[in-house]
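Colleague: Pulled from TrEMBL, these are the listed features:
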BINDING   A:Asp461, A:Asp467, A:Glu470, A:Glu471  Mg(2+) binding site
DOMAIN    A:39-154  domain 'TRNA-binding'
DOMAIN    A:407-483  domain 'B5'
DOMAIN    A:697-790  domain 'FDX-ACB'
Amino acid sequence: MLASFNWLKEFVKIDQDAKTFGDTLTMAGTKVETITPVNEKVKGIVTGKITKIENHPNADRLRVCTVKFGPNKALPIITNAQNVYEGAVVPVALDGAIIDTGTQINASEMRGVRSEGMMCSVKEMGLDTSLFNKDATQNVYIFPEGTESGLDVRELFWVDDQIIDIELTANRGDCQSIYGIAKEASAALDQPIRSIDLYESAAKDSEIEKYLKVSVKDPNCKRYTAKVFKVNKIEPSPVWMQRKLLNSGVRPINNIVDVTNYVMIELGQPLHAFDYDHIGTKEIVVDRVDDPAFTTLDGEERKIDNQMMMITNGEKPISIAGIMGGLNSEITNQTHYMVLESAFFDKTSIRTTSRKLGLRTEASARYEKGSYAELCETASLRAAYLLEKIGACTAVSGMIDIYPNPEENYQIKVDCNWINRYLGIQISEDEIVSILKRLFLGIEILDDATLLITVPDERQDLRIREDIAEEVARIYGYDKIPNTLMKGSTLIGQKTASQKYQEQIESFLIGAGFYQTMTTSFTSPKMIEAMQLDGSETPIKIVNPLGEDTSIMRFTLAGQQLDLIAMNHSRKNPSGRFFEIAATYHENANEEDLPIQKNHLVLSMYNDGDFYTMKGVLEALLRNQDARFEMGGRDLFHPGRKAVITIDGKQIGDFGEIHPVVAKQLSLPKRVYLAELDFDQLTELNADYTVKYKNLPKYPASQRDLAVVIDKDIPAIKVRDIIHAHRGDIIESIKLFDVYRGEQIPKDKKSLAYSITFRHSDRTLKDKEINKVMDTIVSELQTKLNAQLRDE
Amino acid sequence: MNRDQLDQIKNEFKEKISHIENIKDLEELRVQFLGKKGVITQFMKGMGKLSKEERPIVGKKANEVRKEIQDSLDHIKGDIEAKILESRLEREKIDVTLPGKPCQCGAHHPLNIVTEELEDIFLGMGFSIVSGPEIEWVKYNFDDLNMPKDHSSRDKQESFYYQDDIVLRTQTSPVQVRTMLSQKPPLRIISPGRVYRSDEIDATHSPVFHQMEGLVIDKGIAMSDLKGTMDLFAKKLFGNKTKTKFRPHQFYFTEPSAEMDVTCFKCGGEGCPVCDYSGWVELLGCGMVHPNVLRACGIDPEEYSGFAFGLGLDRIALTKYGISDLRLLFENDVRFLSQFK
């Protein structure tokens, strides 16, 4: 909220400059965002009363005015403004004055007649033109009737003021007012606060019942007060009222509306004024009613349903409670009698209605943040005082006050020693008491340093002892609380095995040239379809997504990787390798439980190697597990270039080249490789792995080569499996070193050449033993795979 | 056979060796003189014919000549080898300014770098790292954290829902609830992770972003401990000269609550565009854990107290590296990613 520094100073003595004061408030818990002067340049502009207007002898459009400044000074001022009249009080920049832009105004001769200055517009005075109606800004500004002449506009209109923008926390509804902030300033500065003048009735009898009856049928209205006024004259409000509204960012309208706004800003209580005659029924009812087309003050028609709290005249709605009044009971220049509402409505009810209607007002915002019952009466009496003071109205004696369940003041018991312990400070009971008194809390000292604190109605945020500790801390000063290190139990901070494993995998992949990516968790049904994965899984749908493109939670990391490869490719980045370990989200078969979240590891790559490059990376990544790669995998991949990866019989992922159709649809480079693994499962499998050291071999190894010719469609892993099955304790390693297809073998065949290393850990192997194993392997290859030895 | 003959052999050797230029010729020369059938060997074999008196004298002389030849051979061999080495070194000279053979090297994502840096600091202070589901019970995300029933952050305009009672977590705090429900104090945990809010994406907002929260629960934890721990954290993160400032604030989860500013890491507090010329940068929100939260998690506030803190990881990454647009973090352009090696 915006707070005028000048206005605050009317309530509290502030010796600090605005910036220091801002820091003081911030450190005491009222956060000051910015401090902005209204205008620092303007000076020498004075109010002047025009006593005579004559035509300029030598110019048709110019007028020569005689302007009085105070009782004894009159000067000729020439103007081309057509809106000035004899008797008008206007701002005049006299010789040497400076206007808003910094330009100096000098006395000068205009077509042979001397002018001692220039009449000014709103803008030239340094004020915000958006807060005045258009007519007032396009001409010379004319002050409200009764404004004295000879006054410095800088002081009169508070051009010298500084506007403090305050960010209020959600729990301090009571600070949504100048007086609320002033109370905080009073506590922070340890200065007394000035009290507010209220209306006091001279009449003994209450007359109001003759005019009005109020009934409350909706429990969300906790208190409803009404006061009736006879309207004397509707006119602009005096400058001292307007300047405060202006510096609070509110446009002055007329004396009645201005008073309701003034009190709302000053005390935080939204007020509403009804035209009494237009209510028509002498009755006000707070109720819930339907109205398909209720016209609010702004001229909009709104659909009211029976969940919304309304003010009615017993027959039809006249206002949306706490949000905006109806056009049917608006104050106009013809208003004779006025009803002033000052009520306390429940914040949830106001918020729900405001949301439903898409209508947020100053009033609704204040109710939403939380108001309090006690304020209704004070605000009404304050408004009555002001309305009479500026001569706008005369109050009808008495007030209607419907307040069925008055709030009891809340009490909290708190131990001063506990406060000290909780905050980690050492201050005396006296100091604590004095701090709490500065905050307008009622204190009763019980025995043993225990305080019984009575919380005023406006401090709805103070309910438990921890709240009191905070009050003490912020006024004492957070900066005075020492910095200590935690005592108590020692705890070991370390990563878990699975966190370490993840770290290890990341390092490995970075070493292998992969960049870690970070992608969004959302995806679209369109993307799933483009990847040919629709139907493979029911995705988690968000009820209220930002849009179709982010409407589901990803169950695969592939989409984001393909997206980013397409982006990199379109930006002409020549190649890339990427990886990410991140969450995927899956439906839970148990509908009572949360969706399942699994971490996946995804690798992707383009223009930087082929299928076997990626397979090599995967093999190295899975080196500690017995991973198998076999034909298979999702439809996302090229049907002839994809593999599923299994460990201990469990499928943990798949990889391959992206299907040409998918690649085309997603504007990918021609060949993109992608692997996706269930990282949680992998982590679990790895948990069993520990490095086991073996002694270095003492006995020599023998190497045998084996080249077999088999049908070209038989996967190499079948050959390896057969060799591997006979490893016993003598085959140390099996390496495929050549794959050949060509002239020397039949067209539908291929040749695979293996180098097999034999070694026994305890003795030197004999040729006979090795030959025996080789023979068995060969014969099994022949019978099972119809293989032929290449060198036969 | 006499000493003159030996002199003759010596002179012959000297004459021959002076023409030798390579190891092969040198070896031939050695064989010719010192080999089994070499001149010296032959000479020595013939010494048996000499008289008893002559034999030792000639023998001595012969040995001297042999040694002389041997030394000369060794010496020349050394010279030749040195020459060979020299010419090899000369021949093998390369242009060291040619580029090396490429060795692939990727990099961590900047957000990950920042996260790990923070994790390391807290691990060193005895914290453990815990995580939890991103699609979370409303109860854990709001109710148990003392969030009022009608608070706007629960609205569909502000948070993403899967079901009425399941929300995409808006903060990593539910992890704290889960930890308190499943473990007994003392507790020291941090929970970095992904959170969601219904914000349209722009240079400073994203519906998906990252936070790290921390929680300490033990007997006798005071607000001064919160201040001390956070101050130490800031010094470890930004350097020993860093100062911290705690401003009162309000969070439902904590009471009292504070926001912590640190002296601007760019200008050190002098004032610069990064800190908006204030010298301070807002780093985190924190406070003493609200007794309602403790109770909701089965911890007795009479026995235990604690503090919690939370900070935005994305924003730290942006400020640390001077990245102006949050969207760059999620875009994954190679030219961006390759800068964080």
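Even glycines carry a Cβ here, placed using N, Cα and C.
All TrEMBL annotations are machine predictions without curation.
How buried are these features, and what lies next to them?
Modeller: DSSP assigns A:Glu471 (Mg(2+) binding site) to a helix.
Per-class residue totals from DSSP over the domain 'B5' (A:407-483), listed helix then strand then coil: 33 helix, 16 strand, 28 coil.
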Colleague: If you skip the near sequence neighbours and keep only those at least six away, which residues in the chain come within under 8 angstroms of A:Asp461 (Mg(2+) binding site), Cβ to Cβ?
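Modeller: Non-local contacts for A:Asp461 (Mg(2+) binding site): A:Asn171, A:Arg172, A:Asp174, A:Asp467.
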Colleague: Below 8 Å Cβ to Cβ and six or more residues apart, same chain only. Which residues does that give for A:Glu470 (Mg(2+) binding site)?
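Modeller: Sequence-distant Cβ neighbours: none.
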Colleague: What is the three-state DSSP composition of the domain 'TRNA-binding' (A:39-154), stated as helix, strand and coil residue counts?
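Modeller: Secondary-structure breakdown of the domain 'TRNA-binding' (A:39-154): 10 helix, 49 strand, 57 coil.
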Colleague: Ranked by the number of other Cβ atoms within 10 Å of their own Cβ, which of the binding-site residues A:Asp467, A:Glu471 ranks first?
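Modeller: Per the Cβ count within 10 Å, the most buried is A:Glu471.
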